[in-house]
Amino acid sequence: MSELKNDRYLRALLKQPVDATPVWMMRQAGRYLPEYRALRAEAGDFMSLCKNAEFACEVTLQPLRRYPLDAAILFSDILTIPDAMGLGLYFETGEGPKFERTIECMSDVVNLPIPDPEQELGYVMNAVRTIRRELKGEVPLIGFSGSPWTLATYMIEGGSSKTFGKIKKMAFAEPKMLHLLLDKLADSVILYLNAQIKAGAQSVMIFDTWGGILTPRDYKAFSLAYMDKIVKGLVRENDGRKVPVTLFTKNGGMWIEDIAATGCDAVALDWTIDIADAKRRIGDKVALQGNMDPAMLHASPERIREEVKTILDGFGDGGTGHVFNLGHGITPDVTPENAGVFINSVHELSKPYHS
Ligand code: 1CP
């Protein structure tokens with residue numbers, strides 16, 4: 001078993017005692033950091049950062065040099081899988097992700113290959129191995145993937161969407177076609193995450209950014225069922241340590257009991273649910289991650305500290321089983337100073353909850 005100097009994050013996910021509440025930030029490597037913008041300019045574009053293991057490693061480590069974060073997250077994107085399936089991912093400056101080809105009919109779905117993670121996605125595994133080497137056991141590395149439903153939204157809509165009209169049309173008019181796509185994506189995600197774990201990811205997180213646009217019935221049928229399949233297909237132990245799994249459905253606060261019932265180790269919350277309410281409902285079943293509104297990072301240092309304290313109080317209960325985070329990604333317009341205030345506040349203010 002390789003030694004970790006700081007394993008608070010893994011311990012909290014497994015509900016073991018910790019000396020302070022661990023904290024990391026979704027999108028902690030990104031455009032709010034000038035050093036990220038400089039390296040992206042040098043690489044040329046976002047995918048070139050992801051496809052070069054040295055660049056991906058450097059960007060992963062940038063926020064850790066500034067802040068005492070308790071975890072690193074692989075620098076990559078959820079859309080690597082559809083790209084490896086041949087859809088042709090590209091980014092136009094100032095715009096979100098786009099695909100050259102989209103999924104429109106049954107033959108598109110039937111013909112989609114399931115990518116070999118060490119071939120088409122070998123660049124991600126190289127990044128994981130490089131980052132693990134360079135982290136030198138300081139903090140654990142989080143691997144990740146999109147949920148099948150969230151990946152399918154991009155593959156069918158061709159990019160970001162506000163209404164999700166095309167995928168909803170497929171869900172309700174051609175459900176068999178969509179279920180076949182989601183099942184292929186679930187199989188791809190299982191192979192991809194297990195390969196990340198083998199390459200050195202010490203915990204994994206599934207991002208279901210768009211599950212929250214569905215009715216409760218459709219959420220269960222089209223999103224949760226496939227995350228459930230993934231949780232059951234993952235290798236949960238590596239190198240003598242448990243590999244905790246976190247599920248995040250944005251806007252999924254009303255379904256946390258169902259999410260926990262998949263057998264995941266932690267449920268990540270966005271900011272639209274009170275963490276005290278979530279904790280009351282979940283009890284000791286799983287750990288919770290979250291859940292400060294990322295926009296709070298625009299407030300004064302005093303206001304940020306107050307919000308951190310409120311969330312710590314809300315979780316209460318000896319503090320273990322809580323991983324502090326934002327309820328969604330940090331935005332490019334936040335100052336690096338305020339991100340620092342947030343991270344330091346979590347460590348400072350959480351100590352009394354753990355003594
Ligand atoms: O430099 C740039 O302009 C690129 C911006 C960017 C970044 C920094 C994109 C494009 N992806 C990423 C990295 C990324 N994406 C990480 C890295 C690790 C981290 O620091 O957290 C992760 C975990 C993701 C995951 C991701 N990509 C999600 C799920 C989580 C979430 O934020 O909801 C989604 C939906 C995507 C798609 C995507 N990729 C990029 C953008 C701008 C988007 C969102 C588009 C949309 O809103 O529809």
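Placed from the backbone N, Cα and C atoms, the Cβ positions cover glycine too.
These figures come from a predicted structure and were not determined experimentally.
The annotation in TrEMBL ties Arg27, Gln28, Ala29, Gly30, Arg31, Asp77, Thr209, His328 to substrate, and of the candidates under consideration, Tyr154, Tyr353, the one tied to the same site is Tyr154. When secondary structure is read from DSSP and collapsed to three states, Tyr154 (substrate binding site) falls in the helix class. Arg31 (substrate binding site): 14 other CB atoms within 10 A of its CB, across all protein chains.
Sequence-distant neighbours of Ala29 (substrate binding site) (same chain, 6+ apart, CB under 8 A from its CB) are Tyr36, Val59, Thr60, Gln62, Pro63, Ile73, Phe75. As a summary of secondary structure, the domain 'Uroporphyrinogen decarboxylase (URO-D)' (22-31) carries 0 helix, 1 strand, 9 coil according to DSSP. With a cut-off of under 6 Å between the Cβ and any atom of ligand 1, the recorded positions Arg27, Ala29, Asp77, Tyr154 reduce to Arg27, Ala29, Asp77.
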